[in-house]
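Notes follow the structure.
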Amino acid sequence: MSLPEKAFPVSWDQFHRDARALSWRLSGANKGQWKAIVCITRGGLVPAAIIARELGIRVIETVCVASYHDYTSQGQLQVLKEITPALLADDGAGVLIIDDLTDTGKTAGIVRAMMPKAHFATVYAKPKGRPLVDTFVTEVSQDTWIYFPWDMGFTYQKPIADDHAG
């Protein structure tokens with residue numbers, strides 16, 4: 001599979017640094033008193049683990065909203081797993097929602113409607129989804145495809161000189 005013209009491949013090291021940077025930003029929010037993390041699966045699982053460790057949060061819940069069905073474009077949104085009712089009390093006040101990325105904002109909108117008082121944080125944000133997120137680390141253009149490390153494998157890369165031989 002070739003990368004699109006605007007590709008943003010993220011290594012494990014880079015993602016870990018970015019998730020820790022998000023943790024640092026979140027450490028000052030809500031006076032550091034989070035009741036729980038609700039991570040949006042599957043993309044929110046990895047950053048949620050890092051953030052939970054960094055902020056000392058023990059309660060981690062998931063909500064599953066499927067949108068990328070073929071890894072190339074967003075399909076119809078479907079909630080596959082709901083949030084535990086106890087965390088929905090008080091509209092999610094004191095709860096931290098974590099995802100890897102907000103793209104169009106459709107997934108974020110569904111989860112935000114479930115927990116309007118929760119604090120929504122993503123590692124990466126695109127312009128259409130950015131208004132739904134309270135905290136993020138890096139903004140990328142809407143037409144950039146982010147390749148996360150858990151979606152990639154190691155493959156041989158031709159030397160640049162091979163394409164520029166005179």
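Each Cβ is built from the backbone N, Cα and C atoms, and glycine gets one as well.
Small disclaimer: the values here were computed from a predicted structure and weren't measured.
Features of the protein shown, as given by Swiss-Prot:
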BINDING   Arg42, Gly43, Asp99, Asp100, Leu101, Thr102, Asp103, Thr104, Gly105, Lys106, Thr107  5-phospho-alpha-D-ribose 1-diphosphate binding site
BINDING   Asp100  Mg(2+) binding site
BINDING   Asp103, Ile146  xanthine binding site
BINDING   Asp103, Thr104, Gly105, Lys106, Thr107, Trp145, Ile146  GMP binding site
BINDING   Asp103, Ile146  guanine binding site
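Structural mapping of features recorded in Swiss-Prot.
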residue	record	CB count, 10 Å
Arg42	5-phospho-alpha-D-ribose 1-diphosphate binding site	14
Asp99	5-phospho-alpha-D-ribose 1-diphosphate binding site	30
Asp100	Mg(2+) binding site	24
Leu101	5-phospho-alpha-D-ribose 1-diphosphate binding site	23
Asp103	5-phospho-alpha-D-ribose 1-diphosphate binding site	24
Thr104	GMP binding site	16
Gly105	5-phospho-alpha-D-ribose 1-diphosphate binding site	18
Lys106	GMP binding site	16
Thr107	5-phospho-alpha-D-ribose 1-diphosphate binding site	25
Trp145	GMP binding site	15
Same chain, 6+ residues apart, C-beta under 8 Å of the C-beta of Ile146 (xanthine binding site), given in sequence order: Phe8, Val10, Leu101, Tyr124, Val140
Report, in whole Å, the straight Cα-to-Cα distance of Arg42 (5-phospho-alpha-D-ribose 1-diphosphate binding site) from Thr104 (GMP binding site). 17
In angstrom units, rounded to an integer, how far apart are the Cα atoms of Asp99 (5-phospho-alpha-D-ribose 1-diphosphate binding site) and Lys106 (GMP binding site)? 13
At the Cα level, what's the spacing in Å between Lys106 (GMP binding site) and Asp100 (Mg(2+) binding site), rounded? 14
Between Arg42 (5-phospho-alpha-D-ribose 1-diphosphate binding site) and Asp100 (Mg(2+) binding site), find the distance joining the two CA atoms and give it rounded to the nearest Å. 9
What's the longest C-alpha separation between any two of Arg42, Gly43, Asp99, Asp100, Leu101, Thr102, Asp103, Thr104, Gly105, Lys106, Thr107, the listed 5-phospho-alpha-D-ribose 1-diphosphate-binding residues, in angstrom? 17
Among Asp103, Thr104, Gly105, Lys106, Thr107, Trp145, Ile146, the annotated GMP contacts, find the widest CA pair distance and round it to a whole Å. 17
